[in-house]
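K.L.:
Dropping a structure here in structure tokens format, bear with me for questions.
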């Protein structure tokens with residue numbers, strides 16, 4: 001019967017995503033998915049050039065994407081170094097790793113860092129948006145990597161003093177480098193008995209720790225040509241001889257047959273891995289690389305002699321003979337006596353050469369340290385400058401936003417004062433402190449501008465100059481211009497078009513752009529009137545950009561509607577997060593009504609202010625969420641600053657729609673059965689319907705009003721039976 005790994009590989013080769021997903025579900029934490037050479041299913045998928053969809057499923061289903069094979073390669077190394085691989089592989093991997101890091105689980109990230117993982121596609125600023133703890137971790141990644149590199153270099157050089165200084169925290173005894181070997185394993189592989197003895201005394205808990213091939217330190221000690229010296233030290237310290245690696249072998253298997261592990265090949269493989277360049281993403285810029293210098297020039301350390309004769313030889317004949325005998329034991333030459341004579345003859349010459357090489361290495365290391373320190377200082381200065389510039393930019397934006405807010409409030413206040421004093425005929429009397437005036441809209445979602453737009457001889461210019469928003473839509477999703485068109489008042493249509501035309505001619509492009517973002521669409525008449533050679537180049541360029549912005553808004557809304565997370569992430573920025581379509585809904589409204597939890601989370605996390613967006617009836621996304629069954633989205637919005645007390649034009653808070661979800665569910669039903677383009681066409685048909693059948697429209701409005709009156713009376717009687725019935729009843733909202 002085929003194993004789970006074999007079934008998984010067959011599904012990968014066949015390119016069948018569902019079979020891959022099913023195989024992963026049957027596997028648990030104890031299921032062996034890696035081969036004897038350390039290859040995980042992710043490695044196999046890259047080598048077999050599986051479909052990007054299969055690769056993505058494997059990434060999401062396999063917890064450890066940092067696993068290294070026998071050559072020290074992670075799946076990232078294979079993806080970044082492959083020549084003819086689908087580019088989607090790199091995009092999928094980068095996005096997955098970035099999302100995994102931004103979860104902010106620092107304990108898991110620390111394990112990933114100590115495993116030797118080198119690809120961290122997250123900046124300090126991005127981490128800062130998640131949590132202060134994650135920001136602190138990301139800012140220290142480079143320092144930890146440098147310290148781990150110094151630790152492994154000291155072990156390779158046999159520098160026990162430096163190793164002791166660098167291992168100031170116990171967790172670094174588990175810190176592997178690109179080879180997949182932690183410090184303890186590397187000390188055993190290099191055969192430094194003195195260092196291994198100190199490790200046993202100080203870090204006994206690390207004896208059973210396994211490397212990327214599932215081997216403990218005892219596996220490597222079994223292959224050393226030291227007559228079992230280090231192997232005995234480790235077993236006496238409690239190392240288990242029955243631990244099994246990925247090849248299914250124990251330390252005793254290797255001790256009985258050293259050809260199975262061949263420690264010289266292990267050492268050569270370590271040198272090959274460390275001397276190879278680190279693969280990087282295709283579009284990434286190359287960073288600085290340290291020069292590699294062979295450590296074979298360092299004087300070899302040997303275990304101290306333990307017998308009386310051995311101590312006598314070491315004391316009276318010195319280091320030279322001890323090193324010569326150790327070299328003979330390691331190399332096993334055909335004629336040991338001749339080899340010993342030649343070795344001693346060249347000893348002095350070799351010592352002089354080694355000393356020169358050591359001096360050269362010290363000078364190069366010192367130069368590298370100085371270069372690294374200078375680069376670190378330059379990076380610090382760049383980060384400080386970047387932080388200062390970012391702070392200044394944010395301060396300017398806050399100041400501009402505050403200024404615009406105050407100007408808008410002042411214009412609205414002046415408009416209310418003008419309306420109260422003027423008391424225009426055919427307009428309802430302005431009521432002091434009324435709920436309608438508090439938000440600028442009545443229960444039909446109409447502003448004063450909507451009401452005037454339907455009247456002959458109305459002076460719209462005064463209200464427009466006071467800051468009334470032309471993009472505001474009423475219960476039927478109509479702007480003031482739509483109302484004027486429906487009423488057939490050409491003078492008001494011209495007044496609105498001329499006002500926007502004046503903004504363009506005066507160079508107030510920011511105001512026109514805001515109309516675009518707020519969902520105003522009737523720019524073609526202005527473009528037609530201004531499209532002439534007499535206009536400045538700046539005006540021409542701006543007019544040409546309007547269709548592009550409208551197309552960008554349409555594409556974003558379409559992506560949200562379809563649940564296309566990748567497109568939303570690419571196109572969404574601070575401005576685009578607040579845009580509205582013809583229905584008066586923002587991207588967050590759309591994501592909530594479509595119940596796209598992933599898109600909702602991305603929008604509110606990246607741009608928290610979007611929870612305050614309001615549709616044409618002043619409903620926030622939280623109003624929508626409370627009328628729908630997904631409690632997860634409700635909790636997500638509330639945790640990101642949604643206002644539980646926000647009121648729509650009917651003075652209803654979001655909790656009202658939890659008990660009375662009919663209206664919200666009707667909107668959701670229409671959204672599910674219509675594409676964004678069809679919904680826009682339905683709105684346009686609704687606007688044209690007034691010209692085609694006035695009588696049927698009036699009848700529908702009358703019925704809607706009567707239904708709303710009945711609803712309002714029932715609600716009032718239930719909530720306050722001792723109060724008199726309300727004299728004003730809002731028309732039922734239908735989207």
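Each residue, glycine too, has its Cβ placed from N, Cα and C.
Predicted automatically and left uncurated, TrEMBL annotations should be read as such.
Given the structure is predicted, the values throughout are model-derived calculations rather than measurements.
Pasting the feature list from TrEMBL:
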{"type": "COMPBIAS", "residues": "392-419", "note": "compositional bias 'Basic and acidic residues'"}
{"type": "COMPBIAS", "residues": "672-681", "note": "compositional bias 'Polar residues'"}
{"type": "COMPBIAS", "residues": "716-735", "note": "compositional bias 'Polar residues'"}
{"type": "REGION", "residues": "392-446", "note": "region 'Disordered'"}
{"type": "REGION", "residues": "672-735", "note": "region 'Disordered'"}
{"type": "REPEAT", "residues": "37-70", "note": "repeat 'ANK'"}
{"type": "REPEAT", "residues": "617-649", "note": "repeat 'ANK'"}
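Give me the lay of the land around each of these features.
P.N.:
DSSP labels the residues of the repeat 'ANK' (37-70) in these numbers: 17 helix, 0 strand, 17 coil.
Look at the repeat 'ANK' (617-649): DSSP puts its residues at 15 helix, 0 strand, 18 coil.
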K.L.:
Cβ under 8 Å, sequence separation of at least 6 from the ends of the repeat 'ANK' (37-70): give me the contacting residues as numbers and ranges.
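P.N.:
Hits for the repeat 'ANK' (37-70): 5, 8-9, 11-13, 15-17, 20-21, 24-25, 76, 78-79, 82, 84-86, 88-89, 92-93, 96-97, 100, 112, 115-117, 178, 180, 212-213, 246, 269.
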K.L.:
Report the DSSP secondary-structure composition of the compositional bias 'Basic and acidic residues' (392-419) as helix, strand and coil residue counts.
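P.N.:
DSSP classes over the compositional bias 'Basic and acidic residues' (392-419) add up to 28 helix, 0 strand, 0 coil.
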